[in-house]
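The oxalate binding site annotation in TrEMBL covers Asn93, His98, Glu103. Marked as Mn(2+) binding site by TrEMBL: His96, His98, Glu103, His142. The domain 'Cupin type-1' feature in TrEMBL is assigned to 54-184. Taken from TrEMBL, the feature signal peptide covers 1-22.
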Amino acid sequence: MGIISCIHSILFVLMVAQVIHGSEIHLKLDSVIPPNITTDDANFFTHSAFRVLIGADPPTAFKFMKVSEAEFPALNGQGVSYAVLQFPSGSLNPSHRHPHSAELLFLLIGSLKVGFVDANDVLHTLTLQAGDLFIFPVGVVHYQYNYGRDLAFAISAFGSANVRTITTPVALHLAILISSSIKYSVLTEIRQIKCIYT
């Protein structure tokens, strides 16, 4: 099985998992067709914005594309959205949080250093390799950083069709980390984060 077939298989599994999640009680019925749409054929349920990524030159800075209800109305009531994240060498997705949704990041290409601060002020970090999944729980401050020489490419799935992203001011984020009751062994990681932001 080639790498592309493997990627397609994994993406299919992720989509099935999101459909299962979408069947929870708090979500709306099957789909909510906007009043200005007169037909609900397959075109309504198709979004092709990510086609621009196929064969495109890699970006020179961190870049993301999202598909939420605003860009793809068929997501209304489905409790799912996606983002594609591209990290050239040395690029950072700065600290931010999603107050109403978890984020499931799937690293397709490259390696990423990821981290989040939990409700007990503990910093959790890990270096991901291609093929790894990492969950950022609902509402936690988190980041991703490509320290490697090559491009890193990831897809994030969210448990909401309208994910809000709140970027954390760098100075405030670092002040919270430093003043919190994080174990001394984690302070090295904080210093590394400081270096990333400066």
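Just so you know, glycine gets a Cβ as well, placed from its N, Cα and C.
Keep in mind that this is a model prediction, so the values were computed, not measured.
Neighbours of the Mn(2+) site: apart from His96, His98, Glu103, His142, residues of the same chain with C-beta atoms within 8 angstroms of the site's C-beta centroid are Arg97, Phe116, Phe136, Val140, Val141, Thr165. Residues near His142 (Mn(2+) binding site) in space but far in sequence (CB under 8 A, at least 6 apart, same chain), listed by position: Ser95, His96, Arg97, Glu103, Val114, Gly115, Phe116, Val117, Phe136. Other residues of the chain with a Cβ within 8 Å of the Cβ centroid of Asn93, His98, Glu103, the oxalate site, are Ala83, His96, Arg97, Leu105, Phe136, His142, Ser156, Phe158, Val163, Thr165.
All protein chains considered, the CB of His98 (oxalate binding site) has 21 other CB atoms within 10 Å. Long-range C-beta contacts of Asn93 (oxalate binding site), restricted to its own chain and to partners at least six residues apart, with a cutoff below 8 Å, comprise Phe62, Phe64, Leu85, Phe87, Tyr143, Gln144, Tyr145.
Neighbours of His96 (Mn(2+) binding site), defined as other CB atoms within 10 A of its CB across all chains, total 17.
The DSSP breakdown of the domain 'Cupin type-1' (54-184), given as helix, strand and coil counts, is 14 helix, 57 strand, 60 coil. In the structure as shown, the Cβ atom of Glu103 (oxalate binding site) sits within 10 Å of 24 other Cβ atoms.
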